[in-house]
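Here is the structure we will look at, set down as structure tokens.
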Amino acid sequence: MGSRSSTRIPVPLMLTVRIMLALSCVCPTSSLDGRPLAAAGIVVTGDKAVNIYTSSQTGSIIIKLLPNMPKDKEACAKAPLEAYNRTLTTLLTPLGDSIRRIQESVTTSGGGKQGRLIGAIIGGVALGVATAAQITAASALIQANQNAANILRLKESIAATNEAVHEVTDGLSQLAVAVGKMQQFVNDQFNKTAQELDCIKITQQVGVELNLYLTELTTVFGPQITSPALTQLTIQALYNLAGGNMDYLLTKLGVGNNQLSSLIGSGLITGNPILYDSQTQLLGIQVTLPSVGNLNNMRATYLETLSVSTTKGFASALVPKVVTQVGSVIEELDTSYCIETDLDLYCTRIVTFPMSPGIYSCLSGNTSACMYSKTEGALTTPYMTLKGSVIANCKMTTCRCADPPGIISQNYGEAVSLIDRQSCNILSLDGITLRLSGEFDATYQKNISIQDSQVIVTGNLDISTELGNVNNSISNALDKLEESNSKLDKVNVKLTSTSALITYIFLTVISLVCGILSLVLACYLMYKQKAQQKTLLWLGNNTLDQMRATTKM
């Protein structure tokens, strides 16, 4: 059966590819429009590109601490170099010992491997407590053990070279770059100049430069006396050690210039010491940086709320701090899995939450759907700058314009005031003077009022007050109920017994029957009386007619 080749993609990378493919099917997004929201106290402060980073890639940088002097100048620089060499050994020997203890704690036998590793870590940590980060750093140090051993095999050739930067590839499993900040100085100052320098000047120049570099080394490794091998080095520390030569390694690892500044600010580029050789004064550091995937159709929009005026007092809008928009979909973005820089978000995973229809409608520009909470105090800063203009609550503070002079008043019912250079060039707020350079064009909505129905109670103190009012209402109701019970208690219970009720019902029925019979009898008697009256009237009329007839005869 023939062999079958297969390509296995790491799960995080597959997740990244799927997300990017899914988002590529959605129409490109536009930034959340903050113009209709500004007058409602909701300010869009900026956008950041969303990136997802997965498993890290590594490379080694071998720092050559001791420079090689030109043959004709070795004698002049001998004294400062020897003093520098002794100081280096004193400073970095604890680091080398710590690295060796951790690397030697793990052998090929499986039984007590983990126990020996933890024991070695705790042995090099103050107070005998190993953090998760230190255990992770120790594990990375163990994984780099073979690479460090391969570098040490080449230490003589690395130490002998006069090149400031060169790649080391022989027998190494990952990219390694040997750099020498001091070698760069020697090459620039002595090897590439035709100017003859006297021995005293050479000694002074070398001594000063070596002292400066020792200061940088002390800054990098000084705070790590307790566990020097287990503390990560920041990108700033790496640049202090390697100088500008650090860029060479990062470029070789695939970091572009457009990405470099953002990654440096993120703190995702770190280093861990993996070897120190006092004989050749070589320091090996494994540099770790992330694999970054850019989500082209996704950006994070940051929202800030301003305390606005309402008929119920000062309130702030209930909206998420960060939202993301892809096409027509707007959702809240959880940034707890992300690292922020000035322009980018680097996330290990993308987590969003759907918003209620009211908040969605609010952020889409329907400010009448926005809800507000009475949680902002009177000491909250009542203004915010936006693109050279100011959004201020001029009911909470005095908006004094110095050019042209005057007081900017806020109309009754208006949430906030939008102030730009068209209305004021120099604005004073709480003693702070601002020169305005921006404008709110006609697309910005103004004179927005917050209705009473839009203000709800969410703060602890306000809820306590409302609960107090509810408790008072309940107490009043209980008082009324108690008063009613006292009146009911005065009722004769004997009159409300079952037998008494039956008697009352029976007598009531008899009374009703008697009443009906009396009514029928009365009607009959009235009818009979009227009949008798008609008979008597007829007899009278008949007798009168007979008398008239007799008289005529």
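Backbone N, Cα and C define each Cβ position, glycine as well.
Per Swiss-Prot, the feature coiled coil maps to 142-170, 466-491. The disulfide bond annotation in Swiss-Prot covers CYS338-CYS347, CYS362-CYS370, CYS394-CYS399, CYS401-CYS424. The annotation N-linked glycosylation site is assigned in Swiss-Prot to ASN85, ASN191, ASN366, ASN447, ASN471. Among the features that Swiss-Prot reports, S-palmitoyl cysteine is placed at CYS523, with the record citing sequence analysis. Here Swiss-Prot flags 117-141 as region 'Fusion peptide'. Annotation comment: Swiss-Prot describes 1-31 as signal peptide, evidence class sequence analysis. According to Swiss-Prot, the feature topological domain 'Extracellular' maps to 32-500.
Swiss-Prot feature annotations superimposed on the structure.
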residue : record                      : Cβ contacts under 8 Å, 6 or more apart
ASN85   : N-linked glycosylation site : LEU66, GLN281
CYS338  : disulfide bond              : VAL50, LEU345, TYR346, CYS347, THR348
CYS362  : disulfide bond              : LEU37, ILE42, ALA317, VAL319, ALA369, CYS370, MET371
ASN366  : N-linked glycosylation site : none
CYS394  : disulfide bond              : PRO382, ILE408, SER409, GLN410, VAL416, SER417
CYS401  : disulfide bond              : ILE407, ILE408, SER423, CYS424, ASN425, ILE426, LEU427, SER428
ASN447  : N-linked glycosylation site : ALA39, ASN411, GLU414
CYS523  : S-palmitoyl cysteine        : none
DSSP state at CYS399 (disulfide bond), helix/strand/coil: strand
Which of CYS347, CYS370, CYS399, the listed disulfide-bonded residues, has fewest other Cβ atoms within 10 Å: CYS347
Model confidence over the coiled coil (466-491), averaged pLDDT: 71
Around the Cβ of CYS424 (disulfide bond), the count of other Cβ atoms that are within 10 Å: 23
DSSP three-state assignment for ASN85 (N-linked glycosylation site): helix
Conformational class of CYS347 (disulfide bond) under the three-state DSSP mapping: strand
Helix, strand or coil at CYS362 (disulfide bond) [DSSP, three-state]: helix
